[in-house]
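Visitor: So TrEMBL has the following annotated:
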type	residues	note
BINDING	His16, His31, His33	Zn(2+) binding site
ACT_SITE	Cys27	active site, proton acceptor
ACT_SITE	His71	active site, charge relay system
ACT_SITE	Glu110	active site, charge relay system
Amino acid sequence: MPTTELYCTFRFSAAHRLPSSGEEHKCRATHGHTFELVVTVAGEPDAEKGWVLDFADLRAAVDPVVAELDHKTLNDIPGLENPTSEHLCRWFWGRLIDALPGLAEIEVKESPECGCRYRGGGTG
Ligand SMILES: Nc1nc2c(c(=O)[nH]1)N=C([C@H](O)[C@H](O)COP(=O)(O)OP(=O)(O)OP(=O)(O)O)CN2
Ligand SMILES: [Zn+2]
């Protein structure tokens with residue numbers, strides 16, 4: 001079955017620390033990243049409009065959620081007390097699932113080389 005997926009990329013800068021990493025782990029100390037978030041929605045393109053969802057509508061749904069994290073310390077955000085990329089993916093999923101029918105994947109990247117992808121169900 002062919003699948004159409006569209007996505008938008010967002011960036012936010014934030015500090016975090018990983019309290020559950022080992023005593024000697026460098027990530028126990030507060031440090032920062034310019035995180036990249038990729039939100040993917042799947043669906044059938046509308047016959048008339050030719051799109052699954054207007055990119056502008058996708059951005060409008062995600063921008064306010066990203067703004068909650070931008071230039072914040074992630075550990076201070078409820079649900080992100082241990083803000084690994086894995087937990088960030090689930091957090092975004094829970095925040096976006098109601099606003100974005102067809103939500104298919106959340107990707108969070110802490111650097112160009114490393115990231116996490118979540119294709120969850122329910123509220124994550
Ligand atoms: N599975 C996960 N592993 C790590 C996570 C994570 O969220 N999930 N997070 C971190 C830290 O946030 C760390 O800052 C990122 O680590 P790293 O990729 O090593 O990034 P650096 O920029 O510090 O890389 P260098 O090559 O050392 O400069 C760690 N692990
Ligand atoms: Zn980090």
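Each residue's number is its place along the chain shown, starting with 1.
Glycine is no exception: its Cβ is also placed from the backbone N, Cα and C atoms.
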Visitor: Which one of these recorded positions has the most other Cβ atoms within 10 Å of its own Cβ: His16, His33, His71?
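Guide: Ranked by Cβ atoms within 10 Å, first place goes to His16.
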Visitor: For the Zn(2+) site given as His16, His31, His33, which other residues of the same chain have their Cβ within 8 Å of the site's Cβ centre?
Guide: Ala14, Ala15, Arg17, Cys27, Thr30, Gly32, Leu74, Glu110
Visitor: Going by C-alpha distance, which of the active-site residues Cys27, His71, Glu110 is nearest to His16 (Zn(2+) binding site)?
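Guide: It is Cys27, whose Cα lies nearest.
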Visitor: Including all protein chains shown, what's the count of other C-beta atoms within 10 A of the C-beta of His31 (Zn(2+) binding site)?
Guide: 11
Visitor: Of the recorded positions listed here (Cys27, His31, His33, Glu110), which is spatially closest to His71 (active site, charge relay system) when Cα positions are compared?
Guide: His33
Visitor: Between the residue listed as 'active site, proton acceptor' and Glu110 (active site, charge relay system), find the distance joining the two CA atoms and give it rounded to the nearest Å.
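Guide: Distance (Cα to Cα, whole Å): 12 Å.
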Visitor: Please list the active-site residues from Cys27, His71, Glu110 whose Cβ falls under 6 Å of any atom in ligand 1.
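Guide: So the answer is Cys27, Glu110.
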Visitor: Restricting to the chain of Glu110 (active site, charge relay system) and a gap of 6 or more, list residues whose Cβ falls under 8 Å of its Cβ, or answer none.
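Guide: Listed in sequence order: His33, Phe35, Ser85.
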Visitor: Measure from the Cβ of Cys27 (active site, proton acceptor) and count the other Cβ atoms within 10 Å, all protein chains considered.
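Guide: Total other Cβ atoms inside 10 Å, all chains included: 15.
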